[in-house]
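J.: My structure is below; once you've seen it, I'll send some questions.
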Amino acid sequence: MLRNYFLTAWRNLKKNKLTAGINVLGLTVAFTCCIVLFLMVQRQFSYDRFHKNVNRIFKVYSVSHAREGDKLSASMAYPAAPAFKAEVPGVEKSTPYMWAGQGIRYGDKELAKSIQLVSADFFSMFSFPVKAGNRANPLASESDIALNETTAKALFGDSDAIGKSVEVKLGSHWKTLTVSAVLEDAPDNSTLQFQTLARIEINNDYPELKNNWNFQHHNVYVQLKPNITQATAEKELREVVKHYRLANEEEMNTRGFRKDAAGDYYAFKLASLNSLRFNEELGGRNAVSKLYLYTLLLIAVVVMFIACFNFVNLNVARSLTRAREVGVRKTIGAGKKQIFTQLWSESFLLCLMALLPAILLVILCIRTFGEKVSPAILLQPLVVLSILGGMLFVSFLAGGYPAWLVSRFNTVEVLKGKLKVSRSSGVRNGLILFQFVMASLLICSTIVIFSQFQHLRNAPLGYEQESLISIPIKNTDNSQHYLRAFRQQMAAHPEVVQISASDINLGIGKDGSQASMANGFSYKDKIVNTGLLNVDYDYLKTIGIPLLAGREFSAAFPSDTAQDQDNIVITESMAKQLDEKQVIGLSFYTDSAKPKWTVIGVIPDFHLYSMHEKVEPLTLHMGRGGYGYILVKVNTGNPRHTLTMIQDAYRRIEPANKIEASYITENTLRWYEKEQRLSTLFGTAASIAILLSCLGLFAIVQLVMEQRRKEIGVRKVLGASVQGITRLLCKDFLRLVLVAFLIAVPVAWYFLNQWLQNFQYHISIYWWIFPFAGLVMLLIALGTIGFQTLKAALANPVQSLRSE
């Protein structure tokens, strides 16, 4: 029986190739879109789920309540992890997680691999499989080191790494350690990514600072005991703050901080490991907003519903042509259930035909939006079941209503040719209205998101981005030496205009590098907050910032590098905080730093960070320590060649540095990768929605033209012109599109306006965006409708009236 249903369904589809083709095309696009978006979202929610104790592992961070807003920090001191484990009853285990530099060597082979320092509890907390070596406790001794598989293979090839001695670079010192374990590489969906792991006790300053709470430079993770809640542990952590007097309440009160609900100025809080991927303050640059993921799911649902509505409309449009077939089947004994099953089997077959090419398209475009999703994920049981379940659901959703409608046809009316389906027009119009509301929303959203992205991208940052190159320095301890050597090398190159250095990059480098540093202090009973930037000579000239008053740092003034005073250049907003008539020559002590600060220059405000953040007051110091980046201003007609030349020249100075140099224009664009991705996503979704909506509109036009065929014939016989008939037929459909647009406008304006409030600097929603989006929708709809209506208006009335 089932075989006959599908065989008949296949024959019917072959007889109606155009309708079947439109259905398959729409569903293929929708399935592809939905599966890709589902896999992207599923991957994000899979982060860190592979850890056995994921629900009990938390990242510790501190929170204080400043006047301008809450301040969160995940940086902890050396004593933090041991204190949490020993003194907090609800904490079972703890480990620091500290980046200690790059560099590991074996014999004459040296690799730029990062060194992460942890405690012995690390492997009992996190589920990173040990491939070889000490599986029970890979870091049992302070002289042990664990390598991931990639690092071990790069150092030792195919030979056994266990028991061999390697040297790791910590600052400017090399320490010898013994390889105790080789680990499988951390999965892509792991928050913690590492190449080597060693004990934190080996760090150079650990013996001196192991009991010092003032120097905070690494993360700490804790594992709670079973049945201990997060709230209970956070309450217990407050006692650690009080025991070690980590909050200077008098100073914090003076600086405008306020107490929290528990009466504390400063407290430790916990963020669950499985939430870090979605925490943009604690999860780092790669954190993803849950709102973004829900938006992806919403787009997938909208696209799928549009495709289903097209399916419904096309099948209803076909119902008139299949009415006699249904009447004959009923006459010879077929029941409603059998007719429903027959028609649903056609829907199922169409869905299956759409799913197969959709799977191939998913494999081809699975990385379109930059996600590290392997095609092998399609074979996972949960994914397979979800896809098949989704296909069955769609076949029932899209095929169910037309099948139910056709199975209810009155047999006598059908066989007499008096069937009317006008009562279903309200449903069909509602479906097409929904489609165009969604398409209008996506068009408006695409325009606004793209405009905001362009605004962020092109907004002046206060310095010259063009022709400015950033070179990351790997070994910052030798940065002064590298800078001098590089200046000497570049002196012979006329395309190099200026060279300087700083400890903070402009934008985000190719290695993902960015940094920040801030300070707050009291000045004449006022709270002063400022970002800090250590720079070298010629920094302002190199990046093109003019002086408003005073001078910049210069080798002609020995006081700029003197140990007993600290000359500074400040921005306008920093000068306003000091609120002095004459700031040049002003000297003062800060709360936490000596020697005295002396203002030697004032410059305009500029965006050291992205346009997501409000421009902040800045204080520039002459760098006495290590720099992180060399900045090179060039004047060249061949940017790529000049970049390669500069990069090659610098690598001769620091051969171990494999990090690539980049133009600042590229770096600042990386600030807005999420907005660019969102713009691309909405543009693609809008295009798909318009395509599918047009297919749906095509379906409803086809249905109405079939219904009004005789009316059109009568009008033509009575002298109506082709233009008049076309205008009459188009009117109702264009009115439907116009109503959809009017519904979409206020909804789009509200949600887009809310989204723009997330930016410190954003566009206004220009009035022309909505008329433009409406015009686009109208023209597309007119093109779709016009073909069908013109065809109907040009038809010979004899064909439609011959049976009257």
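Note that Cβ sites are derived from N, Cα and C of the backbone, with glycine treated the same way.
Heads up, TrEMBL stuff is auto-annotated, nobody curated it.
Under the heading domain 'MacB-like periplasmic core', TrEMBL lists 21-239, 444-606. Among the features that TrEMBL reports, domain 'ABC3 transporter permease C-terminal' is placed at 298-410, 685-794. The transmembrane segment annotation in TrEMBL covers 20-41, 291-312, 347-370, 382-406, 427-450, 681-705, 733-752, 764-787.
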J.: Please list the DSSP helix, strand and coil residue counts for the domain 'ABC3 transporter permease C-terminal' (685-794).
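T.: DSSP composition of the domain 'ABC3 transporter permease C-terminal' (685-794): 93 helix, 0 strand, 17 coil.
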J.: Counting only residues 6+ away from its ends, which parts of the chain sit with a Cβ under 8 Å from the transmembrane segment (427-450)?
T.: 299, 302, 305-306, 309-310, 312-313, 316, 401, 675, 678-679, 682-683, 685-686, 689-690, 692-693, 696-697, 700, 703, 736-737, 739-741, 743-745, 747-749, 751-752, 755-756, 763, 765, 769-770, 772-774, 776-777, 781
J.: Of the listed stretches 20-41, 733-752, 764-787, which one has the most C-beta pairs under 8 A with the transmembrane segment (347-370)?
T.: 20-41
J.: Would you kindly list the residues that approach the transmembrane segment (764-787) from elsewhere in its chain, counting only those six or more residues past its ends and only Cβ-Cβ distances under 8 Å?
T.: 436, 439-440, 443-444, 447-448, 451, 690, 694, 697-698, 701, 726, 729-730, 733-734, 737-738, 740-741, 745, 748-749, 752-753, 756
J.: Same-chain Cβ contacts of the transmembrane segment (291-312) under 8 Å, 6 or more residues past its ends?
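T.: Sequence-distant neighbours of the transmembrane segment (291-312): 22-23, 26-27, 29-30, 33-34, 37-38, 40-41, 44-45, 278, 347, 350, 394, 397-399, 401-402, 428, 431-432, 434-435, 438-439, 442, 674, 678, 681-682, 685, 688-689, 692-693, 695-696, 699.
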J.: Over the domain 'MacB-like periplasmic core' (444-606), work out the mean pLDDT and round it to an integer.
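T.: When the pLDDT values over the domain 'MacB-like periplasmic core' (444-606) are averaged, the result is 84.
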